[in-house]
Every structure is written in structure tokens, then in C-alpha cells.
Amino acid sequence: LSDKEEGKRKKSKSKVDCCGFPLSIFFIVVNEFCERFSYYGMKAVLVLYFRYFLQWDDDLATTIYHTFVALCYLTPILGAIVADSWLGKFKTIVYLSVVYTIGQAILAVSAIHDITDLDHNGKPDSMAFHVALSMVGLSLIALGTGGIKPCVSAFGGDQFEDQQEKQRSTFFSIFYISINAGSLLSTLITPILRAQECGINSQQKCYPLAFGVPAVLMAVALVVFIMGSNMYTKAAPKGNIMLEVCRCIGFAIKNRFQHRSKRYPKREHWMDWANEKYDKLLIAQVKIVLKVLFLYIPLPMFWALFDQQGSRWTLQATTMDGNFGAFKVEPDQMQIVNPLLILAMVPLVDSVVYPLTKKCGLNFTPLRRMTVGMFMAGLAFIAAALLQIQIDKTLPTFPSASQSQVKFLNLENSVLPVTVDGATYSIQPFQACQTLSFPSTAVLNTLPVSGRDTVCWNLSSGSRLVNGFEAEVNITAGSKDLGFIPQFGFSNYTQLPEGTTKNPHKKSPTNGYLGFGSSYTLLIPGDFSFGPECAKTIRPIEDIKPNTVHMAWQIPQYFLMTTGEVVFSVTGLEFSYSQAPSNMKSVLQAGWLLTVAVGNIIVLIVAEAGQLPDQWAEYVLFASLLICVCVIFSIMAYFYTYIDPMEIEAQFAEGGPQDKEEKSKNLSMTDVIPASEDKKSEVKQSRI
């Protein structure tokens, strides 16, 4: 071999095998497990970080969340080009993993509220700093996770010799399990970490820990991967087929545009205009790829619904009761239902459902499976809409943009009449009136606040104290120090964990159950006295009732969505692999990932532009759009002819130059040689 050919493939000096497998794959599998733990763990709590730490509303939190996910699925194209054309897979994984780790670390630092909490009140004084740091961290994470996505599995495949096809197939199965195991554990663990309280000057939900652990796991993934460096088989860059395909398509379009006059004879397919420059086999392969990519056009709508499990569905869970008796489930932990069901349903569907349909004589082709999967996702959002309608019945009425809400507390030991906007309300001693809603101008013009009357604005959930005592009082709630509350003043709402409250006095009226989503005002009256019986005089006032709809009601929609994922996503990957030319499987993989990115872009457009007044209406809108797209896709699938790319490639390899030219002229998207009847129903398995 020449020096140039020798350099195309570098092998380790001593390749170690274990049970017939290269020992190097151990480092790759562990790397993938840690990386997926890092990604899914961070992603599980991300929308709640936006909502409750950065204080964004639901729509903005959803928009930024899906923008981030879209970037994660756009950057794989960049990673594939860099790996195949410049750095090679190994260096690309290492360099982008460093970027990935730095991004995770920056995100963890951005969640430390004490950095800008100079007045020690528990809230950052410069939210812009935290937002900027978060966006930098997320941008680096998107570049890192997306860039290495197309490289790691392919790099693992490179570790096997040509005669090790069985071992390579087993590796991909183990690789797939490591992905789901990392997702499962991280979705379970990071919400627990987030629910802890931490801080230097004040205790808050521990987002730094929830982001910090994934950052550590990503650093471990990088170290483990580098440790196996001397054992890897490293294929040198060979040029990127995606760029070659794009150049071929671009030349065909340009050549057709330059020869659009009627004096030039028409060609059977517009790609035939690339004949003057490109190989006939390449043109035929591009035609096959374009035929499959055309089928991809409706697919983003499925991902638009699927990826809302981490945004809208998680926000929906925040308004529900997560008490399962023996254990309590955090809103972001409900996402664990998806990987649990996947691990159970994938083998069940493969070994029971598909063989059963075949025995029943049903021709359940891959495209039909994908159609059913899209329909199931639409049903999942119908279920989410029905659940949301029930949740809305239990939620308090919040003010519109033109309204204000007020609640009056009577700190006098006598009935207090209050007149607002022409209406009079009698407030009992040491009690509060119901929440009142008025047009903003009316409240501002006629609101009588004087003496010991206190206006209480109902803006957030949690608990707070109002001091009607004759002097300021220092308040401590568990590990939270609320500081000194001045006379006739009140503290901010403080987030407290769900559970049972206990005070030194067993019969204290403040003993009780703090349910998920509930909000209370604890009134310290003027006759308050310090001592063992002090809690006896504190009067609790319920501002917002606890959530009453149980989180278990989300399981049906998760089941429908996961069923749709199994028959859509797994089948789609298999279909793409079986229909792709041998050297263009990465092109269709990039196209598949691009549909995920476009789906997330659809979500952020609808979230920002739709502005539907009710969340259930948005769910119905998404379900309706997907069902319409499902009908369109089923029509496209009906007219699709399954092909065997290897047969077509073999024809070009066997024929002479004249044969090849003639076959190229006659080859079109509508008359490619169809596969045998067996091939139509049996699709080559490839899930990675």
C-alpha cells in the first residue's frame, strides 16, 4: 500500500478482544450512557428552570425550550460534515465533548441565585446576567450534543472487522439500551435533585445541583472516552457524502435553469441534468434519496407533538397532585413514563404484535406503521386536552391583562366594611375576603387603603406571613429564614415542600396538609403572644386550593404517545436504512434528524403566534394538524414503491459504459425497479 492509502485507516498497535468483541466498545458504551444521562437529566428540569427560576411565562419557556431542542437536532449535520471531511470521528467527539462539558458547567453556574443576590432576599438582583449565562451554556450544549450525535454510534461500528457483522449488530443493541438506561435514570434522579433546597444566603430549589450532576457525568463521559484512545480503530476522513449529494443536486438545478429553452430536449427526471458532470450511479442514488426525503415532508408534525412531553406536558403536571401514597412524584419526573414504556413495548411489539399481524394476513408495511404511529400521537393530545379541561375546572381564576385581583385582610378585632368600585364587602376579624377581580383602572381609582387595612396581591403559589402584631417579628419556616417582617407588613411568598405541617402546639390551627400547588397566607394577629402556645394564635388563610387532579391521569396520554413513538420512530429508522443506498445512509439519517428540528420549530411558532386563550384548545389544534398531516402522509405512502437499492447499484456495476448511460436515461423516480414481494413486507432491521 502507498503511504496515502496506509494513512486512510489507523489501527491500534494491539487490538484487545473480550468474548469476541473489541474491548474499545466498552469505553464507547459507557461514554454514551453518561452523555445521555447528562443530556436527558438537564433537559428534564429545563422548562421548570425557565418557568420558576428565570420567571418566564409558559409560552416563552416553551418557545426557548423547543428552540434549544431544534438546535440540538440541527447541529448533527455540522458534526457529520466536520467528522467526515476534516477531523475524523474521534477528534470530533473529543473536541465537541469538551464544548459540551463547558456548556453544562456554565448552565449549572447560571442557576446559582446567590451570585447576584446581593440583598440576600432569595431572588437574583440581575436576572439578565443569569439569562445571558444560561443562553451561552445552552448554545454550547446544543453544539456539543448535536455535533457528536452522528459520530458516536458510527465510531462504535468502525471498531468491528467486516466479518464481525453479528457482533456489530449486538453492539448496536447494547448501545440502544445504554441510551434508554441513561435517559431513564437521569429523568428519575435529576428532578429529585432539583426538589432539594440549597444556597448560601437563602435556601431555594437546587437547580445548580440538578444541572451540576449532568455536567459531572458529561466530564466523566469525556474522560472515559479518551481513556480508550489507544484501543480504537480510527478511520481517517474520507470526504462527506452529504456535501457531494448537495453539489450534485445544485449542479442539476443550475444546469436545468441554464438550458430551459425549448430547443433543449427534455429529460425524464430533473436530476438527469447532472449527467454532464457526475457519475450515473451517483445520480441514480440521489434519485432514490430524494424519493425518501419527499416522504419526510409531513414527519415534522409528529415531532412537534412528541417533544412537548418535556414542555407543555411537564407544565401541565405542575397543576396536578403528585402524591402517590408511598412516594411523591415531581412534575418533571412524569417524563420517566416514556422510557419505561419504551423498554417494555419495543420487545413486545417486535416479538408479539408484528408477528401476530403477519399471521393474520395483514400487510402491515413500514409506512402503514408510521401512519398508525402519527394517529396515536394525535390521540395522545386529544387525551391531554380532555385532561386539561378537567384541570382548568380546579384552577383559580387569574386576572386578564386588563384586570387586577385583590384580597383584603382585616387586622382589626371587629368586622370591617370595605367598599371597592361601588361594592361593599364585610370582612370578619382577622380574616380575608375572597379574591376580587376588577378592571385595573377602577381598582386603582377607588381602592381605600388606610390604617391597618392590608392589600394582598395573589401573584404566586407558596406561603407567606402577614404581621398584624404591634412590632416587627423575625420568622423562620423550617430551614428558611424569612427575616424580620415589619408591623403591618408581609413577607414574600415562599415555596415550601408538599407535606404535613407541624407546630409545637399539637392542636394549633396551622397544623395541616400542604397540598401540591396550594397557597396560604398566615396571619399574625394583634393579640399574638410569644411562648409555647404562640402558634395557636396564628391564623391560616387559604389563597389557592391544592391541586386535586392526580398526575396518574397523565399516564394514558403518555401510553398513547409512546405507542406512537414505537411504531413511528423505530420503524422510520428501519425504513430509512432499508431504502437508502449503501453509501448514503448518513444522508437519510441527517434528513431524519432534520425533521425533529423542524418539528420543534413548529412548536415555538405556534406557542408564540397562536396565543390561544386556553391550553386545551392548543392541544386540540396540534392534534387536528397531526391528523390532517397523517391523512396526507397515508396518501403519499399509498403511491410509494418500495425498492432494493442494492439491486439498482448492482445493475450499474454489471453493465458496461453504454448500458449504464442507457439505464440512467430510463431511470426515473416512478419506474425504479421495485423490490420483491418479500422485500415489501420484510424491512432490514436497523434501529441506530
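Placement of Cβ uses the backbone N, Cα and C atoms for every residue, glycine included.
What TrEMBL says about a protein is an automatic prediction, not a curated fact.
Just so it is clear, the model here is predicted, and its values are computed rather than measured.
Under the heading compositional bias 'Basic and acidic residues', TrEMBL lists 676-688.
The region 'Disordered' annotation in TrEMBL covers 654-688.
Under 8 Å from some Cβ of the transmembrane segment (21-40) lie the Cβ atoms of residues 12, 15, 97, 100, 104, 141, 145, 148, 152-153, 155-156, 159-160, 167, 170-171, 174-175, 178-179, 181-183, 185-187, 214-215, 217-218, 220-222, 224-225, 227-228, 231-233, all in the same chain and six or more residues away from its ends. Annotation comment: TrEMBL describes 21-40 (among others) as transmembrane segment.
Positions annotated as transmembrane segment by TrEMBL: 60-81 (among others).
Using a Cβ-Cβ cut-off under 8 Å and counting only residues 6 or more beyond its ends in the same chain, the transmembrane segment (93-115) has close neighbours at 35, 38, 42, 49, 53, 79, 87, 122-124, 129-130, 133-134, 136-145, 147-148, 151-152, 155, 199-202, 204, 207-208, 210-212, 214-215, 218-219, 221-222, 225-226. The transmembrane segment annotation in TrEMBL covers 93-115 (among others).
Beyond its flanks by at least six residues, the transmembrane segment (127-148) meets 35, 39, 42, 49, 53-55, 68, 71-76, 78-79, 82, 92-93, 96-111, 113, 115-116 of its own chain at Cβ-Cβ distances under 8 Å. Summarising the annotation, TrEMBL assigns transmembrane segment to 127-148 (among others).
The transmembrane segment annotation in TrEMBL covers 169-189 (among others). Listed by sequence, the residues of this chain that lie at least six past the ends of the transmembrane segment (169-189) yet keep a Cβ under 8 A from its Cβ atoms are 21, 25, 28-30, 32-41, 44, 153, 156-157, 159-160, 213-214, 217, 332-333, 335-336, 339-340, 342-343, 686-688.
The feature transmembrane segment is assigned by TrEMBL to 209-228 (among others).
The annotation transmembrane segment is assigned in TrEMBL to 288-306 (among others).
According to TrEMBL, the transmembrane segment annotation covers 336-357 (among others).
Residues or ranges marked as transmembrane segment in TrEMBL: 369-391 (among others). Tertiary proximity for the transmembrane segment (369-391) is limited to same-chain residues at least six positions away from its ends with a CB under 8 Å from its CB atoms, namely 301-302, 305-306, 312-313, 316, 319-320, 549, 553-554, 556-558, 560-561, 563-569, 571-572, 575, 614-617, 619-620, 622-624, 626-627, 629-630, 633-634, 637.
Listed as Cβ neighbours of the transmembrane segment (555-575) (distance under 8 Å, sequence separation of 6 or more from its ends, same chain) are residues 299, 302, 305-306, 309, 313, 334, 337-338, 341-342, 345-346, 349, 366-367, 369-370, 372-377, 379-381, 383-384, 387, 592, 683-688. Per TrEMBL, transmembrane segment is recorded for 555-575 (among others).
Summarising the annotation, TrEMBL assigns transmembrane segment to 587-607 (among others).
Marked as transmembrane segment by TrEMBL: 619-640 (among others).
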TODO: Compare 60-81, 288-306, 336-357, 587-607 by their Cβ pairs under 8 Å to the transmembrane segment (619-640) and return the stretch that comes out on top.
DONE: 288-306
Task: Recorded stretch that, among 60-81, 288-306, 336-357, has the most CB pairs under 8 Å to the transmembrane segment (587-607) - done: 60-81
Open item on the list: For the transmembrane segment (60-81), give me same-chain residues lying six or more residues beyond its boundaries with a C-beta closer than 8 angstroms to one of its C-beta atoms, as numbers and ranges.
Closed with: 43, 46-47, 50-51, 54, 92, 96, 138-139, 141-143, 145-151, 240, 242-243, 307-308, 310-312, 315, 586, 590, 593-594, 596-598, 600-601, 603-604, 607-608
